[in-house]
Amino acid sequence: MNTQDLINLGIPLGDALKFANVHMRRLFAGGLDRPQVETDLMNIVADPPSYFNDPDRASLARALYRPAYTPRAELAPWQQWGDDLDPEAIKQIANACALPIAFAGALMPDAHVGYGLPIGGVLATENAVIPYAVGVDIACRMKLTVYERKANVIPGQKDRLANLLEHETRFGMGCEFEVRRHHDVMDEDWSITPITKRLHEKAWKQLGTSGSGNHFVEFGAFTVTDPSLNIPPGEYLALLSHSGSRGTGAQVCDVYSKRAMSRRNELPNQLKHLAWLTLDEADGQEYWAAMNLMGRYAAANHDIIHRHITKKVGAHILLDIENHHNFAWKETHHGREVIVHRKGATPAGNGVLGIIPGSMATPGYVVRGKGNPASLNSASHGAGRIMSRTKALQSFTWSAVKKQLKNAGVDLLSSGLDEVPGVYKDIETVMAAQTDLVDILGRFDPKIVKMCPPGEKAED
DNA sequence: ATGTAC
């Protein structure tokens, strides 16, 4: 009998599993056979409270015990944008709005299923933060640099520009720089939490890296479509990057989400990723401090990438725009200070600029928020996936994708088949579904695209 | 999303 057998008996991961292992070994050592041990464990799983005073079984029973969870009868108010959203994603935002701490919600037109809160989900809470409503990649964000140089230089400088994308950042799970880069954020006090203290060195090695998944760096043509950007109309060379807080942010999410889950053990399994920490408790304050540090760290990642590339491009900068799209903020809505989680959603307060990327072969947009209160000042963070990575690998071939890329005038340096344009919704449809959330000020057409190579584990 | 997890 092993750990997997315990999981099959219904013992959840975490403390319960540790106590169950200890108890199981003790029973075997006491001479019981396997059926007897299984019966003993199943009895505790079935009715934990009756073992609270049993010295051998109390710790397991307490770890297994789950108080009743009563979702709110009346959900916190929420609205959705887009009419073709996955019913599972809609169920997820409704579940989030049924939490006792929920204040209001919104679902963006690029929404799809995620852990806890859907991607494209916005949730305002009172005095509480939900690590998985921020997401694994804390402070995943966009940054766009528009150069004072016409986009028509791209074909003639293709190899040189491609070389910059290949060498001024790193892709792959666990990727690091051999010679670490520097940014002022690394001189901050990382001992604000045990986890950021422990990961300071790792974070330093990963500074300026891009990682994997949907992260990218690309050169493209930026077209001004609205005079309010205050740059002359035209098509400019531009650099767009998408990445976040790498392994460090993922660890922060993992540590505090587990603490939240053990604290909110009334949440049923299906909702456990919505576990929250209140801002009154030490863990909540630690998460808040770590999350904000991850925000500055992710911004530094982009800053380093753009600084290094810009130096070698050798052009003046006309415009820099950036925004988080996985983060939580203290904001005032409907007269109350609340915590607004945006997980795959772009801040779109009145007049606030943001970037909504499409895919490797479709446009991304620079937008200006309209401050729509019903969306909690938010918009989509992209086009939104419409299929899993596994399904994508079965659905597409490189030969077909290459034609598509050629038609769009895109040079793809590397990517997996699970990131090709067909795995995303049509960005134009998504933009059309949120005209009451943002105005479009400019368009970015990708021309040279670098993503994580397929099957890549760690790039050298 | 991440070199994950027990």
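If you go along the chain as it appears here, the first residue is 1 and each next one adds 1.
Every residue gets a Cβ built from N, Cα and C, even glycine.
Model, not experiment: these values are computed from the prediction.
Lifted from TrEMBL, the feature list:
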BINDING   A:D137, A:H215  Mn(2+) 1 binding site
BINDING   A:214-218, A:325-326, A:357-360, A:381-384  GMP binding site
BINDING   A:H242, A:H325  Mn(2+) 2 binding site
ACT_SITE  A:H381  active site, GMP-histidine intermediate
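Among the binding-site residues A:D137, A:H215, A:H325, no residue is found with its Cα located within 10 Å of the Cα of A:G358 (GMP binding site). According to its DSSP assignment, A:H215 (Mn(2+) 1 binding site) is coil.
Here the C-alpha separation of A:D137 (Mn(2+) 1 binding site) and A:E218 (GMP binding site) works out to 20 Å. Rounded to the nearest whole angstrom, the C-alpha distance between A:E218 (GMP binding site) and A:H242 (Mn(2+) 2 binding site) is 9. Rounded to a whole value, the Cα-Cα separation of A:M360 (GMP binding site) and A:H215 (Mn(2+) 1 binding site) is 11 Å.
Long-range Cβ neighbours of A:H242 (Mn(2+) 2 binding site) (same chain, at least 6 residues apart, Cβ-Cβ under 8 Å): A:C140, A:R141, A:M142, A:S210, A:N214, A:H215, A:F216, A:V217, A:P357. In this structure, of the binding-site residues A:N214, A:N326, the smallest number of CB atoms within 10 A of the CB marks A:N214. Cβ neighbours within 10 Å of A:G382 (GMP binding site), excluding its own Cβ and spanning all shown chains: 27.
Separating the Cα atoms of A:G382 (GMP binding site) and A:H325 (Mn(2+) 2 binding site) is a whole-number distance of 10 Å.
Long-range Cβ contacts of A:H325 (Mn(2+) 2 binding site) within its own chain (separation 6+, distance under 8 Å): A:C140, A:R141, A:M142, A:R342, A:G344, A:A345, A:T346, A:P347, A:G354, A:H381.
For A:G358 (GMP binding site), the count of additional Cβ atoms within 10 Å of its Cβ stands at 23 [all protein chains shown].
Highest Cβ count within 10 Å among the recorded positions A:H215, A:H381: A:H381.
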